[in-house]
Amino acid sequence: MTKPIVAIVGRPNVGKSTIFNRVVGERVSIVEDTPGVTRDRIYSSGEWLTHDFNIIDTGGIEIGDAPFQTQIRAQAEVAIDEADVIIFMVNVREGLTQSDEMVAQMLYKSKKPVVLAVNKVDNPEMRNEIYDFYSLGFGDPYPISGSHGLGLGDLLDAVVKHFKEEEPDPYDDDTIRLSIIGRPNVGKSSLVNAILGEDRVIVSNVAGTTRDAVDTEYSYDDQDYVLIDTAGMRKKGKVYENTEKYSVLRALKAIERSNVILIVIDAEQGIIEQDKRVAGYAHEEGKAIVIVVNKWDTVDKETNTMKKFKDEVRKEFQFLDYAEIAFVSAKEKQRLRTLFPYIKEASENHKKRVQSSTLNEVVTDAISMNPTPTDKGRRLNVFYATQVAIEPPTFIVFVNDVELMHFSYKRYLENQIRAAFGFEGTPVHIIARKRN
């Protein structure tokens with residue numbers, strides 16, 4: 001299921017970031033950072049009534065030759081292209097400007113639903129000054145005050161009315177939904193073509209469940225797969241290549257619809273910060289993951305070359321220590337068959353359930369080997385553990401005091417559960433909950 005995307009667009013200094021922070025609230029502050037994940041704040045999750053959505057903050061668009069204006073405008077165009085609904089923000093204090101009218105022209109061309117928000121209406125008297133904005137042609141303007149939080153409810157009511165009904169998933173539960181993600185030029189398109197051209201792969205293109213996405217169904221060794229949004233992976237264009245922050249929104253949609261993610265890195269260039277950022281999206285969505293080192297044919301090899309590279313991957317992607325690593329050459333079609341067992345294993349483990357009785361035996365043994373921590377004379381007591389979800393496997397551990405469950409001990413319990421049950425290829429979530 002994909003969450004709708006809402007983009008906040010407008011000229012500089014109309015209060016876009018303030019509204020963004022108001023909508024996402026505490027979600028922007030990270031309670032427990034995952035080590036090694038680079039966080040990118042241009043998008044976050046929002047929630048209104050029963051609706052979950054992703055919301056994007058964009059740079060200010062204006063007329064003239066301001067620094068970076070060409071890039072900012074290009075980024076905004078990508079955000080508009082990927083958005084399902086657009087909040088067009090203007091500022092009542094400065095009135096209607098030429099830059100507002102230029103942004104309006106961009107939005108007309110997009111043919112997307114637009115909700116017009118007039119910000120900085122900080123007192124009732126200022127409501128009389130919003131009428132000029134009707135001339136923009138987007139219907140009723142919504143008066144809001146980002147600094148005081150006024151009018152946001154009415155604005156969000158108008159936004160969620162434009163959300164479309166989620167289309168039913170057309171694929172069987174047994175079909176593995178697969179996405180290939182990575183920064184530009186690591187060989188994603190080549191890998192798509194190589195997989196679909198592999199012996200014993202039977203291919204058929206189908207319309208995806210999201211706008212302008214094309215999925216590709218194929219089967220290999222009696223397992224059905226669907227490669228999510230192959231058109232998006234093959235989508236070219238300098239705007240998308242040069243606006244990585246915003247073009248990643250397309251990858252987000254594909255990630256949300258997938259069970260298993262192939263994260264592609266370039267063996268020639270090694271691992272850079274952007275690789276970790278892209279991987280962080282998939283990890284935070286709780287997806288099963290396989291790391292694919294592409295262009296392996298270009299690397300000069302000695303006896304331990306693969307081991308050294310694998311050690312480097314483990315060091316840089318510490319938060320993906322559960323993911324298997326495959327070394328391939330999409331261009332030369334080398335070692336592709338090593339991928340399929342990893343994908344299948346990751347998918348099966350992503351859906352794995354364990355019996356509560358066996359789970360509690362493992363937890364009891366873990367505590368006997370490494371007693372629970374204490375803080376100011378109080379010891380953590382673990383009463384019971386149970387699995388509450390799959391995709392990813394999620395466990396609740398009932399304790400006497402949640403504050404006593406340190407991150408390090410939670411990590412220890414996860415490692416013991418992994419040692420007992422496997423779970424290669426999938427994240428495992430452990431939630432501490434106070435026993436009533």
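Quick reminder: no glycine exception, Cβ is built from N, Cα and C everywhere.
Record features, source Swiss-Prot:
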- 4-167: domain 'EngA-type G 1' (DOMAIN)
- 10-17, 57-61, 119-122: GTP 1 binding site (BINDING)
- 176-351: domain 'EngA-type G 2' (DOMAIN)
- 182-189, 229-233, 294-297: GTP 2 binding site (BINDING)
- 352-436: domain 'KH-like' (DOMAIN)
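Cα of Lys188 (GTP 2 binding site) to Cα of Thr58 (GTP 1 binding site): a distance of 27 Å. For the pair formed by Asn13 (GTP 1 binding site) and Asn185 (GTP 2 binding site), distance between Cα atoms is given as 35 Å, rounded to the nearest Å. If you compare Cα positions, Gly182 (GTP 2 binding site) sits closest to Thr58 out of the binding-site residues Gly10, Lys16, Thr58, Ile61, Val121. Recorded residues Gly10 (GTP 1 binding site) and Asn185 (GTP 2 binding site) have their alpha carbons 31 Å apart, per Cα-Cα distance.
For Trp296 (GTP 2 binding site), the same-chain residues that are 6 or more apart in sequence and have a Cβ closer than 8 Å to its Cβ are Ala267, Phe327, Val328, Ser329, Gln334, Arg335. Ile61 (GTP 1 binding site) sits 28 Å from Asn185 (GTP 2 binding site), taking the CA atoms of both as reference points. Between the alpha carbons (Cα) of Asn185 (GTP 2 binding site) and Val121 (GTP 1 binding site) lies a span of roughly 46 Å.
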